[in-house]
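Pulled from TrEMBL:
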ACT_SITE  E89  active site, proton donor/acceptor
ACT_SITE  E165  active site, nucleophile
DOMAIN    1-240  domain 'Glycosyl hydrolase family 59 catalytic'
DOMAIN    248-363  domain 'Glycosyl hydrolase family 59 central'
DOMAIN    399-572  domain 'Glycosyl hydrolase family 59 C-terminal lectin'
Amino acid sequence: DGTEPSHMHYENDENYFRGYEWWLMKEAKKRNPKIKLIGLPWTFPAWIGKGENWPYDYPDVTAYYVVSWILGAKRYHDLDIDYIGIWNERAFSSKYIKLLRYTLDKHGLQQVRIVASDRLWEPISFVLLLDSELHGVVDVIGAHYPGTKTVPNALLTKKKLWSSEDYSTFNDEVGAGCWARILNQNYVNGNMTSTIAWNLVASYYEELPFGRCGLMTAKEPWSGHYKVEAPIWITAHTTQFTQPGWSYLQVDGQLEGGGSFVALTDGLGNLTIIIETMTHNHSQCIRPLLPHFSVTPQKATFYLRGSFYMVQTLQVWHSRLGFESGNSSLFQQLHPVKAWKGSFSLYLNVDEVYTLTTLKTGQKCGCPEPPPPQPFPSNYKDDFNIRNPPFSEAPNFADQTGVFEYFINSSDPGDHVFTLRQVVVQRPITWASDADQTISLIGNFQWVNMTVTCDIYIEKQRDGGVFIAGRVDNGGIYVRRTKGVFFWVFADGTYRVTGDLAGEEILMKGLSGVRDNAWHTLTLNIQGTSASGLLNGYPLWENVTVSKPSNGWAAIGTRSFEFAQFDNFHVE
């Protein structure tokens, strides 16, 4: 939720140690070396479009940018990217996709497969049927939030079909029900052999858009608290007993009393069956709208044929989502089921998941209790004085437009050698409606009264500017409409106080004497319905009435996409 730093901010810039994704991929590989890695651009840096908000005018440049990332993953982190996408939920270009395949092959990346187009089933399926050259280079058709359905043209292409983004639902029991249902029914109804959840772990402030829409929640790095939510154990029903490379058996998959089942094999004699009986009201995803259906308790009999006729015992793992009672039973091992003459029966209640498998490898970890939750510290400082930071960005700051990175100011002999710098200097080829200003949030959304202090350094002459802010109320895809109390200073020596990030609701303005390429200290004090501001420790403005929003985060940022530095941040 927010922005991520590119490996190439500028045309002559390359850095494969920014952001958290490299760390995340390496941690995933430690736990499961066979896990698949997929890259998909949401946004591109501006230089790729050479002034146009479009990544396909210079397809060779875009292909170079994407392939550089894949090569960097291998060279600097020994990570093999398995699949690459085109542009998240935006238009595709056939010419670009063909050039991407050519560029991958030229760099010895024949094993990297192409997914298109991470939007809807059409027009990509239709275009693949018409264009045999494109058909030859696209390996997977990926659709987003398909509602477990595909379309005839997609089936006609004979390509692998994926739900390449799905779920995105609040991770309570209903979210778990949604995930259980679509994990099965995306194959049963839509022939999809992969379902990818957005997102993996909800590690961002909950009040941002899509709060807790992850399979689990870990949103308190300052306390170390996290919660393994129900969707994680729903995932385990499938992922602990199958692997990429297993095949779905072409069974009917519909249960007579409602619900569904799938069966998979490794081709070596192992069999895994996953059954779900989610009811309508307990399995609604965020999108699309779920048509009504009914599920009733039932006895289901399964028949094992062919090589599976000899299977005598199946291990059983069970979950029951308890909505009315409030107590769910998640991923418990039950007594094995015996098959007799190739068949066995089960009594299925509603809102249950069963895994029946020949594998004996399932496990539910007895993990130590995480630390208890704590609110964000009510007195928080960061001087950014860190010589070899483990990450490129300062902890707890959540960039919503622009990128704020640790910076070493080699030209400054004084107190500001180690700073935080905003480094995106042109509006990117955007996916969401980024703001026209840059902004990074920090703190506790429930904060009401606060004092924010920060040293600031405007680098852009004439029309450069920076702000500090409090009671900031929004971010993510809604960042353009963000409100709060914003204290701006500009390179032309003026200041402003506004009630919004866009700077349209002006509460106060005047002269400050601030200039570019010099350090100044800003202080914003908000108490009740009144705000005041200090410059270098002296009052600059006071008694400005503030009404809405009544609470929110602290924030820093810039007037435009421009270089600027921040140091000695303090919020209380």
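Residue numbering: from 1, along the chain as shown.
Every residue gets a Cβ built from N, Cα and C, even glycine.
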- Message: Quick check on the domain 'Glycosyl hydrolase family 59 central' (248-363): DSSP residue counts for helix, strand, coil, in that order please.
- Response: 8 helix, 51 strand, 57 coil
- Message: For a quick check of understanding: among the active-site residues E89, E165, which residue's Cβ has the most other Cβ atoms within 10 Å?
- Response: E165
- Inter-residue Cα distance where the pair is E89 (active site, proton donor/acceptor) and E165 (active site, nucleophile), in Å: 10
- If you average the pLDDT over the domain 'Glycosyl hydrolase family 59 central' (248-363), what number do you get? 97
